[in-house]
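Database features (TrEMBL):
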ACT_SITE  K32  active site
BINDING   E7, V8, G9, K10, T11, F12, D49, E110, G111, A112, G113, N170, H171  ATP binding site
BINDING   T11, D49, E110  Mg(2+) binding site
Amino acid sequence: MTGTDTEVGKTFFTASLIHALQNAQHSVRAFKPIAAGCELENGQFKNEDALALMQAMTLPTVYEQVNPIALQRPIAPHIAAKMEGMALSVEQLQQLVPLASIDESFILVEGAGGWLVPLNEQQTFADYVAAENLAVVLVVGLKLGCINHALLTQESIKAAGLELVGWVANHIDPEMLNQQQNIETLNSLLDCPMLAELPFFTEDNSVELASRCVRIEHLVDS
């Protein structure tokens, strides 16, 4: 699960997708391997995005399994890790999140920030996705500039030899002009189906409401 930028709704869509899949009787396990901007809770640093994924899942889990790398500072993960005396790498993520040993119907992995967020001076989170050969879902936060960001991200995903299985139109800016025309343009230029168009929600049960917008048939059949 990647996005055109940070704060575009990756976690919101991932939680909504978890609900949609579970409502269709699929077992789901979700991870956010790296999270920056964690707060101390009962002696442990935790991230609100990772907690949202845990809340969405019906399978029992512990925090460290969902988010093994919890960084305190709300900045780029590789910078936060360095400031906290930690080094990030693809190999480290593979050890901390052993995807091959998981037998749920769906395994969802949410990235931190955008597609090419660095892990270190040589590797990005995209390298981890490539090492695990994961299919990619792109969450597009609908705002000015999102078409360019979406197309650049698609180009990079394809260049890595990975499959872009779907994209999500997330209405994050209710003041954005010509939103439907932007969606139509993205639909014509992105080489994958639109999995959901998520309205700008304000309700407390917005994740459950958003789950009804998700077209899981594109993922179940793929």
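In case you wondered, yes, glycine gets a Cβ from its N, Cα and C as well.
Sequence-ordered, the extra residues of this chain that approach the Mg(2+) site, with Cβ no more than 8 Å from the Cβ center of T11, D49, E110, are M1, K10, F12, T14, A15, K32, A35, A50, A52, L53.
Of the listed binding-site residues, namely E7, D49, E110, the sparsest Cβ surroundings within 10 Å are found at E7. Each of the recorded positions K32, H171 was scored by how many other Cβ atoms lie within 10 Å of its Cβ, and the smallest score goes to H171. Between the CA atoms of E7 (ATP binding site) and the residue listed as 'active site' there is a gap of 15 Å. Neighbours of G111 (ATP binding site), defined as other CB atoms within 10 A of its CB across all chains, total 25. Comparing the Cα of K32 (active site) with the Cα of every entry in G9, T11, G111, these being the binding-site residues, the smallest distance points to G111.
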